[in-house]
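What TrEMBL records for this protein:
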- 1-22: signal peptide (SIGNAL)
- 32-107: domain 'Inhibitor I9' (DOMAIN)
- Asp139: active site, charge relay system (ACT_SITE)
- 196-219: region 'Disordered' (REGION)
- His212: active site, charge relay system (ACT_SITE)
- Ser542: active site, charge relay system (ACT_SITE)
- 657-762: domain 'Subtilisin-like protease fibronectin type-III' (DOMAIN)
Amino acid sequence: MSVLGVLSLLTFLFLCHSFVDGEILHQQIKKTFIVHMDKSSVPESFDDHLQWYDSSLKSVSQTANKLYTYNNVVHGYSVRLTVEEAQLLEGQPGVLLVQEDKKYEVHTTRSPEFLGILNNQESFPESGIPSDVIIGVLDTGVWPESSSFDDKEVGPLPPGWKGACEASRTFSSSSCNRKLIGARFFSQGYEAAYGPVDETTESRSPRDDDGHGTHTATTAAGSTVVGASLFGYAAGTARGMARHARVAAYKVCWLGGCLSSDILMAMEKAIEDGVHILSLSLGGSLNDYFQDPVAIGAFAATSKGILVSCSAGNGGPSRGSLSNVAPWITTAGAGTMDRQFPSYITLGNGKKITGESLYSGKPLPGSLIPLVYAGNISKASNGNLCMKGGLIPEKAKGKIVVCDRGQNPRAQKGLAVKEAGGVGMILANTDTFGEELVADAHFIPTAAVGQGPGEEIKKYTFSDPNPSAMVKSGRTQLGVQPSPVVAAFSSRGPNLITPDILKPDLIAPGVNILAGWTGKVGPTGLPEDTRHVNFNIVSGTSMSCPHISGLAALVKAAHPEWSPAAIRSALMTTAYSRYKNGERIKDIATGNPSTPFDYGAGHVDPISALDPGLVYDTTTNNYIDFLCAIGYSSSMIKLIAKQEYQCKADVKYSVADLNYPSFAVPFETASGPRGGSSAPTVVKYTRTLTNVGGPATYKVSVSQETNSVKIQVQPAVLSFSTPNEKKTYTVTFAATSMPSGTSSFSHLEWSDGKHIVGSPIVFSWT
């Protein structure tokens, strides 16, 4: 054999050896798995299910130890296994599913006034009496020293509370009080995946090092704090939506994210502790319900009478970008309030433009300063984004730099400008963000502007031989109209898992929200930010979710006997989708009227929600029938419901029969001559209303926004004489064929002259 042949053979053998070694290494790497067990199938040879769990695990690994054992949210446990061991375990009798741990991320004042709560205190029964409603917040933890957790407004601990205040090196058991009544942390799943928590950078305790958890908890139920602000912006009295409710914090999110094994254990403990509302401002990739840990945990909580509120996600304005779409979860999108933080730009040609900023440092001189576009003074291909180290100092020094929004944090762009010697920044939106303005506590004088003004500024910068500008900070501006508008970042429908269920359910304030903050990091959260603040202004559906959680707590306090579905119905059917002038709520991403795919039932109206007149109630069995309707097997249903249930062969299950407060009606585009069909498609939806008011007669009305669908409601009149009386009606939709991808909208209302019980209707052709 030639030398070349020998070398080729050796190379081949080396590659084969490397491949085999790589495969062996892959098989030996351990990952965290959640093991779902059929608890009803415990063999008689075992004293209890825990022994059976141990035995099943030992059958594939003698060394593996369980991280958590679950009894409520899941029947089973979480454990570190190799892929091969996990596959072997899934084949064992009684094992329903072995699921790899999933990573979730957090979805990152004036709202009580904007929502009308402060001016209508008399509408809240016993509004001066401390509430026993407990909101469990799963997030990055809590900063207990925040004045928003002062307990002077509340009384003794609620009866039946079983929670704890877990002490550690950075968190004392005395950190809890009558307001912050519980604080736990869950890190075993995270540490199994990423190694021990580095206690030099974050607290291995319920303490919040990020700020997100403190912000969401105080948004939901913060105590009254006079004189709150961020550097003087949004100055006033801060308070949560349900300021008399109690808070229990469950830390599940760490620097590297939030793992489903920890989230499930936190939900498990929250159910055992006795919370009434669960608030989760986090989300992950979209999965079928039986493979979605949050959906599974939420089903368990809902079956125990606990309302679960989740953020819709920050993937807007893209269609179908939603998270947390299970019908037993209340899914919250985000809108704006009537408050802005203006900053003012004057260009060298005299043009004046208003932007937005929370800069509070030394102002620029009141004279024109040279203006330059970042893309023209950078050594990087993406220099327009003002990445760290990407600007040429000789060309940035002493100038105001125009940076494009996107990719890196907005405030970090200003740091890049500052480090290059720039003195100010104009942050310009691209078409991804449209005209949406999000305020940040910038490090240098800054004005953030929408796409249109941004293009105008860049055009001036390119065309003028000596472009210049002034940037000046303003103060808080109230009464901004129109408001609300749908936030561009707020995730949109349709619901890609079940198009027959409209999501999000509704929207709430989620832009530029002032609430409590951690003492560990500055308002931007960047390592370079050494400023310390008690309150911060943040945006995201992470902020709209705790608004809904807190408002649900208010409704729960007024109507403690109501189910989670009844509370959600009250919030949805009283929401509004039009301004007082009759125009539909606008979408800031497009400037056009928004649709129910953007806002669901509409913007929450808490005063009306306290007295909705009628509600669409839903039971656990209704949800299980829904699972039958979407074709789930008995084993899939068991994963979610933790009970034996066999869908009946002689029953025709339909998603249309789920007693949901909104209507999503998908049609298939018929194929025929010229792509259409002369015969209309007819579908029927059934709903049941429960009377939660006095005797009344309700009449139906339907506002048609399309001629493509004929709508008939039978009966058209519903009379109620007693509380909790139920009446059923049917809606028949007869649709003509439309091109695939077409959507249209209508609205159905029941009214007795005092109450309006509204439901959005969405039609879509696929």
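Just so you know, glycine gets a Cβ as well, placed from its N, Cα and C.
Features as recorded by TrEMBL, highlighted on the structure.
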residue : record                           : CB count, 10 Å
Asp139  : active site, charge relay system : 28
His212  : active site, charge relay system : 26
Ser542  : active site, charge relay system : 30
Item to check | His212 (active site, charge relay system) and Asp139 (active site, charge relay system), distance between Cα atoms, whole Å | outcome: 7
Next on the checklist: Can you tell me the CA-to-CA distance separating His212 (active site, charge relay system) and Ser542 (active site, charge relay system), as a whole number of Å?
Outcome noted: 8
